[in-house]
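Student: Structure incoming, see below.
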Amino acid sequence: MRETLVASSGGSYPVSIGAGLSASLKERLQELFPGISRLGIVSNPVVWNLHGAAILRNLGSELRPVVALHPDGEVAKTMESVLGLLDRFLGDRWERRDPLLVVGGGVTGDMGGLAAALLLRGVPLVHLPTTVVAQVDSAIGGKTGVDHPLGKNLIGVFNPPRAVLSDPEFLRTLPLSQRRSGVGEVIKYALIGDRTLLGLLSDRIEELVSEEFHPGIWEEVIFLSSADKAGIVSRDEKESGERMLLNLGHTFGHALEGALGYSGILHGEAVALGMLSAARISGAMGLSGPETFETVRDLVKRAGLPVSWPSKVTFETIAPYLGRDKKASRGQVALILPEAPGSVRIVRDYDPSLLSLGVFS
Ligand SMILES: NC(=O)c1ccc[n+]([C@@H]2O[C@H](COP(=O)([O-])OP(=O)(O)OC[C@H]3O[C@@H](n4cnc5c(N)ncnc54)[C@H](O)[C@@H]3O)[C@@H](O)[C@H]2O)c1
Ligand SMILES: O=C(O)C(=O)C[C@@H](O)[C@H](O)[C@H](O)COP(=O)(O)O
Ligand SMILES: [Zn+2]
């Protein structure tokens with residue numbers, strides 16, 4: 001097992017990574033919460049049908065698990081779903097010391113984390129992430145939230161967990177398209193500065209997206225990505241500066257997800273297109289040379305992620321979403337632009353007419 005530590009306003013917490021980690025779930029929870037007598041579990045029907053029985057077996061009856069399921073999918077990442085989770089725990093006379101364990105991908109993590117913050121004004125939270133996106137990214141750093149018709153993740157709070165337990169074995173049941181989507185976020189870490197990850201992806205990205213699941217390389221990728229994210233969010237928990245770099249590809253990616261009504265595209269696919277948009281704009285501004293765009297395009301293509309925008313989406317359709325991005329200030333969104341593979345910068349001052357270059361076929 002490998003571990004990385006995250007510093008946060010709620011105290012530091014470990015991100016533990018290891019195959020078979022979920023077998024010792026009960027002991028880990030008892031260490032974290034001495035005297036624990038009840039455990040809330042937040043998941044969705046897809047994940048729970050696949051993994052619920054094994055998780056309940058590992059937990060035993062001592063922790064008196066109470067399971068709340070939300071509907072699957074990005075379209076269900078709503079306040080209504082969060083209220084459904086709250087109804088379940090309030091109906092069970094929840095108490096402040098009773099923790100919630102969130103079992104699932106980024107959608108479940110973002111909503112379970114928000115529910116944990118709202119329930120009785122805050123109950124302890126532990127993440128058991130089951131997708132690539134969740135293990136390399138969303139379970140770490142405390143961002144929680146839901147989507148709004150006007151934009152992605154526009155409602156939410158920072159709510160750091162007490163621990164993150166990443167077991168790569170969960171990824172065996174994940175559809176290949178979802179594994180590819182997660183690789184979108186991994187490419188992001190390589191581009192913002194992880195040279196080891198950049199080398200590993202350049203040499204072996206095909207192993208991550210092959211039909212066969214290769215646990216060894218995945219454990220390495222989850223560890224490197226977790227350490228990258230832990231470092232950044234430890235230095236800038238509430239995104240006043242450096243953390244914005246983690247939004248590489250998300251300015252255009254989130255706008256695209258919003259314009260499509262949160263369906264028909266996976267998060268990592270949208271982020272991949274958004275990274276290409278950022279590289280194009282950076283090239284047009286003279287901040288990077290053509291080889292930077294080519295490196296991004298090559299990694300995205302080899303990961304089996306899209307390299308051109310859906311034909312029905314125009315710049316005019318996504319422009320309003322760009323304006324409502326959380327990085328906007330005085331109506332102009334900050335851009336996260338690559339200067340070279342492994343180096344990115346935050347750009348606030350630019351000619352807004354360049355934004356239309358971000359949508360291309
Ligand atoms: N909070 C953050 O810092 C952060 C970071 C990155 C992404 N996100 C958010 O995360 C979301 C995307 O996360 P995601 O890609 O995990 O999507 P997701 O949670 O919708 O999961 C993808 C699909 O995989 C299924 N699934 C989950 N685990 C499985 C398993 N082990 N086997 C088989 N199926 C499984 C889910 O039911 C779902 O259908 C977006 O809403 C994004 O905004 C948040
Ligand atoms: O943790 C962060 O900070 C990120 O930007 C990680 C992103 O991968 C993630 O999708 C996050 O939800 C985006 O946050 P938002 O503040 O742009 O909604
Ligand atoms: Zn993301």
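Quick reminder: no glycine exception, Cβ is built from N, Cα and C everywhere.
Unlike curated records, TrEMBL annotations are generated automatically.
Keep in mind the model is a prediction, meaning the values are calculated, not measured.
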Student: Given that TrEMBL lists GLU185, HIS250 as binding Zn(2+), which residue among HIS214, HIS267 does it place in the same site?
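Tutor: Looking through HIS214, HIS267, the residue TrEMBL assigns to the Zn(2+) site is HIS267.
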Student: Determine, from DSSP, whether GLU185 (Zn(2+) binding site) sits in helix, strand or coil.
Tutor: helix
Student: What average pLDDT is reported by the model for the domain '3-dehydroquinate synthase C-terminal' (182-328)?
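Tutor: Average per-residue pLDDT within the domain '3-dehydroquinate synthase C-terminal' (182-328): 98.
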Student: Within 10 Å of the Cβ of HIS250 (Zn(2+) binding site), how many other Cβ atoms are there?
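Tutor: For HIS250 (Zn(2+) binding site), the count of other Cβ atoms within 10 Å is 25.
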Student: Which residue, out of the binding-site residues ASP72, GLU185, shows the minimum number of other Cβ atoms inside 10 Å of its Cβ in this structure?
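Tutor: Each of the binding-site residues ASP72, GLU185 was scored by Cβ atoms within 10 Å; lowest is ASP72.
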Student: By DSSP, what is the split of the domain '3-dehydroquinate synthase N-terminal' (71-178) into helix, strand and coil residues?
Tutor: 48 helix, 24 strand, 36 coil
